[in-house]
Amino acid sequence: MFNLNFFNYTCHCEWCFWVLPSYNGLGLTPQMGWDNWNTFACNVSEDLLLNTADRISDIGLKDLGYKYVILDDCWSSGRDEDGFLVADEQKFPNGMGHVADRLHNNSFLFGMYSSAGEYTCAGYPGSLGREEEDAQFFANNRVDYLKYDNCYNKGRFGTPESSHKRYKAMSDALNKTGRPIFYSLCNWGQDLTFYWGSDIANSWRMSGDITAEFSRPDSRCPCDGDEYDCKYAGYHCSIMNILNKAAPMGQNGGIGGWNDLDNLEVGVGNLTDDEEKTHFSMWAMVKSPLIIGADVNHLKASSYSIYSQSSVIAINQDPKGIPATRVWRYYVPQTDKYGQGEIQFWSGPLENGDQVIALLNGGMKARPMNATLEDIFFDSYQGSEELSTSWDIYDLWANRIDNATASAILENNKVTNNTLYNATKLSYKEGLLNGDSRLFGTKVGTISPDGIINTTVPAHGIALYRLRSSS
C-alpha cells in the first residue's frame, strides 16, 4: 500500500473563499429532484412527468427536498414561423405551460432542457444564437430550471473564454426575462468550468456522463480519475472515476454555484447496496446536486431507503455549503475484477461547528479503517480547540429505514406520520437545531483528543459519521 495523493485545499479562514453570493439568488443549497434521462432517455411525455411527480409526492420524497421535475432532451418538434421552440404535440398535447401549472399546483418546480449548440444531443433544435427567444419561451411556459447541454457547439470551445462566452449568452437571456430560473450547465467540465461557472450559473457538470458502474474503466470515458482538466470528457464514466475527478474541485463550489457530479444512479442498473450507499453518501459530501435518475414507480425498497435517508441529505443541504475535502487516498492490493482498489478519507465542516467524515473502501474486501482528530481537522494547528475537544460520533446510516418499512410505503403509495423527515414543514437547518434524531443518525461513541475512530468498512462501501462537540 502506498500514498498516492494528499489534497489540502481548505482555506485556514474557512469563510474566505465562500464570500461570493449566488449570481441570481438561487441555488443556496444544491438542487434536488428527478430527471428522466438516465432511465427513459427520449421516451418522454406529459404523462411520464405528471405521474412521476405524483409518485415522488406520495412516497414522501418531495417533502425530503426533491422538488425539481426536470424534462430532458427530445421534447421539441421544431420551431414555429417566428423562430420559437414548439413542444411535440404527441408527447405534450396540452403544452408545456399546462405541465408547469400542474407541477406548481403540487408544489414542484419545473425544469426543461436545451443545448448551447445548433442541435441538442439527440438532434433536436438547440439554442446557440437563439438564446433570447428560447429563454423567453422557457419563461413564458413558467419554467423554473434550465439544464443546458454542450452538443453541436460548432467548435466554440477550447479556452475558458470561449466556453464562458457561449454559456453566458443564455445566462444573460434568462436574467433578462425577469423570471428566476435555476441555470444548470452541462458542458461536461470542458474548459475548466469550475473556475468560471459561478459567475453565470448555479451548477455545472464537471465530468463526462455517469453510468451505473462503481469502478469499471471504459474507453468511452477516456480520462482517468486524476485528470480533472479532461480534454475529452466522454460518457459511461464510473462513480469512482467522477468522484476522483471532483476531489480537487471542492474549493470552487459553494453557495449559489455547485459542482455537479451528474444524476444519481441509485436504483439504476445493478449496483450493490453498499455501492449505492457510497454513491449517495459521497454526492452528498461534496455538495453535488441530488437528482434522482431512477424510475420512481419501480424502485426497489433498498434504493428507496437510500434516497430517503434524511441524515445524509442533511449533509448535502447543510447551510454552510462547504464541500468535503479528500484528506488522503491510498491504493490497496485487494482490487476488484477491473483491477481497481483504493481507500479514501474525506472530511468537511458543517453548520454549528459539526463535522462530517467518510471512510471509503474502494477495494474488493472488507477492511478495518480508522481516523484520528488530526485526520479529521487536517488544517488545525497543534493545541487548537478542535484537537483538544471530545466529539460525539453519529453513524448517519444506522437509522436507515428497513426494507419492510420501505416496501410498505412503496406498495401503499403513502408515508405514515413521522416515518420520514418532512423538510417542507421544517427545514434541515431548523431540524438540526431542534435535535431531530432522524437528521443525526445514531450515536455510536465519542472520540477523545487522543482517540481513534475504528470501524470495518465493506467492499465498495462507506462509513459516514457526523461529529458534534461533546461539550
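A Cβ is built for glycine as well, from the same backbone N, Cα and C atoms used for every other residue.
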Matching residue for the substrate site, where Swiss-Prot names Asp72, Asp73, Arg205, Gln251 - out of Lys147, Lys320, Lys337:
Lys147
Looking at Asn8, Asn270, which residue has the N-linked glycosylation site feature per Swiss-Prot?
Asn270
Would you mind checking which of Cys151, Cys186, Cys237 shares a disulfide with Cys221 in Swiss-Prot?
Cys237
When you put Asp73 (substrate binding site) at the centre and draw a 10 Å sphere around its Cα, which of the disulfide-bonded residues Cys42, Cys121, Cys230, Cys237 have their Cα inside it?
Cys42, Cys121
Which residues does Lys147 (substrate binding site) neighbour through Cβ under 8 Å, counting only same-chain ones at least six apart?
Asp35, Ile70, Asp72, Gly111, Met112, Tyr113, Ser114, Ser184, Cys186
Which site among Cys42, Cys74 has the most other CB atoms no more than 10 Å from its CB, taking these as disulfide-bonded residues?
Cys74
For Cys221 (disulfide bond), what residues in its own chain, 6 or more apart in sequence, show a Cβ-Cβ distance under 8 Å?
Gly208, Thr211, Ala233, Gly234, Tyr235, His236, Cys237, Ser238, Asn241
Roughly how many Å separate the Cα of Cys42 (disulfide bond) from that of Asp149 (active site, nucleophile), to the nearest whole number?
15
State, in Å as a whole number, the widest CA to CA span among the substrate-binding residues Asp72, Asp73, Lys147, Arg205, Gln251 given in the record.
31
Mind telling me which of the recorded positions Asp73, Asp149, Cys151, Arg205, Asp209 has the densest Cβ neighbourhood, counting other Cβ atoms within 10 Å?
Arg205
By Cα-Cα distance, the member of recorded positions Cys74, Asp149, Cys230 nearest Arg205 (substrate binding site):
Asp149
